[in-house]
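Everything below concerns the one structure shown next.
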Amino acid sequence: MRAFPALFLASLALVLGASRADPDLLQDVCVADLSSGIKLNGFPCKHPSTIGANDFFFAGLANPNFPNNTLGSLVRAANVEKIPGLNTLGVSMSRIDYAVGGVNPPHTHPRASEIAFVLEGELEVGFFTTSNVLISKRIKKGEIFVFPKGLLHFQKNIGKTRASAITAFDSQFSGTQSIATTLFAASPTIPNDVLSKAFQIHPREVERIKVKLAPKK
């Protein structure tokens, strides 16, 4: 994984070169005070005398962590909740590891565009326009694909080996809304007849899906 530091810098450069989705900062840094009870759009700043290098550091994406779950994918975020120094900087990253056949299912990021770089393996990736057109491509190690802000998108490992990707966002906290869990595991739940009519399936099928996607207790 010797190329990882260069990849990190290259991905951030691509994101920083674009117009950021988050507001610009009004001082050198505004390290997030994650323990503050103050509620605002973003996070309040720590006092400058209390910040240090660790507020700008995170090692959580360095190594693969291949999943053993029904989706066959595992996403680890490097956002403002993990790196307080990202507050007001308008950037973040994540790492996605895929088992063979693993899928990062259809989802959206309401506050950010996304750029994905394949570390290992081969993926089929795609997004859907608001005209219901699928834009998709197969990408392999060293290649990049972009997902526009707010549009529904997915990735699937189509190779014969495990795969990994690094993604970068033009927001400190892009947000993620997974379509299946949003619709079938919301709290309070969406009425079965609404989903039945939307998907043209029997209400009993809606209930079965809800049971499968219900949060683990």
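Heads up, the Cβ atoms here are built off N, Cα and C, so glycines get one too.
What TrEMBL says about a protein is an automatic prediction, not a curated fact.
The feature signal peptide is assigned by TrEMBL to 1-21.
The disulfide bond feature in TrEMBL is assigned to Cys30-Cys45. Here the Cβ of Cys30 (disulfide bond) has 21 other Cβ atoms within 10 Å, regardless of which shown protein chain they belong to.
The feature domain 'Cupin type-1' is assigned by TrEMBL to 59-207. According to DSSP, the secondary structure content of the domain 'Cupin type-1' (59-207) in residues is 22 helix, 58 strand, 69 coil.
Around the Cβ of Asn104 (oxalate binding site), the number of neighbouring Cβ atoms within 10 Å comes to 25. Here TrEMBL flags Asn104, His109, Glu114 as oxalate binding site.
Marked as Mn(2+) binding site by TrEMBL: His107, His109, Glu114, His153.
Cα separation, His107 (Mn(2+) binding site) to Glu114 (oxalate binding site), rounded: 12 Å. Cys45 (disulfide bond) and His153 (Mn(2+) binding site) have their C-alpha atoms 33 Å apart, to the nearest angstrom.
Glu114 (oxalate binding site) sits 10 Å from His153 (Mn(2+) binding site), taking the C-alpha atoms as the reference points.
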